[in-house]
Amino acid sequence: MHRWGVGKALPSLVLLLFISTFCTQVRGHEEHDAHHWKHMAHELLFEKKDYTMQKINIAKNIMVFVGAGMSQTTVTGARFYNGGDNETFAFERLKWSGNARTYCVDSRVPDSACAGTAFLTGVKSNRGTVSMDPTVRRGECAMDPAKKLASIAKWALEAGKAVGFATTSRVTSGSNAALYANSPDSRWENDADVSAGGCNTATVPDIAHQLIHGDIGKQFKVILGGGRKNFIPTVETDPSGERGLRTDGKNLIKEWQQSKEGANATYITTVQSVSGDETSATFGAVK
């Protein structure tokens, strides 16, 4: 009887595995096409536009607030800590709000890189990659221009808008990097990281370098955040006395200052240095 039970169950098990594999393959094929995500977003916008927007004007300013890691569970915990069940945060009182399903093409649990890529480019990507299409796997050294994704920063600059960002994390971290950089690995924040990953820094520029010299990053009017050591060589120290992380000898902070000579640009090293004076560009990288 035992043998008969196994024999009867086996065809069903094989069929179940076949169906599961088939469904997974179909789903994965669509998700590896960048146009798939853009088409979905386009259709959703036009579907919702008629009954969610009573008046459409051109926005003068757009400010995007990103709470990294702010899942529903995290928000609920913060609400309890802040005052209890009835506590309401400011963003919960906005006229329009919604939820996004966060996942990577190759992982149900997203990291900051693929999440940042999704909301800044409109395309879901693989875990650990920064603004690269879903055919690129983390750690690949190839930098095919056709696989680079354009972010909302590029679109805004092309429309003649001023662009910048401020963060409480490193300016080169995954979710921030997706705004201006294209990298197969979010851990490659400086040239030493790229070399450690087995890639050539001449063909795979690190994220900090792209922020200062990249087509998008070099046009930013405001850059404020942490991660200063990614811009300084190992032979130099920052204002707090810590050595930099770069092994190419470049001081990207000085290179940024040189590129802005005569442009009324300001570099600051502390939060207290921020002023209301009008400048053409402000770069602040703290510890």
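Placement of Cβ uses the backbone N, Cα and C atoms for every residue, glycine included.
Residues or ranges marked as active site, phosphoserine intermediate by TrEMBL: S112. Mapped onto three states, the DSSP output places S112 (active site, phosphoserine intermediate) in helix.
Annotation source TrEMBL lists Mg(2+) binding site at S175. Long-range C-beta contacts of S175 (Mg(2+) binding site), restricted to its own chain and to partners at least six residues apart, with a cutoff below 8 Å, comprise V66, A68, S112, A113, A115, G116, S169.
Residues or ranges marked as signal peptide in TrEMBL: 1-28.
Cβ neighbour count for S112 (active site, phosphoserine intermediate): 20 (other Cβ atoms within 10 Å of its Cβ, all protein chains included).
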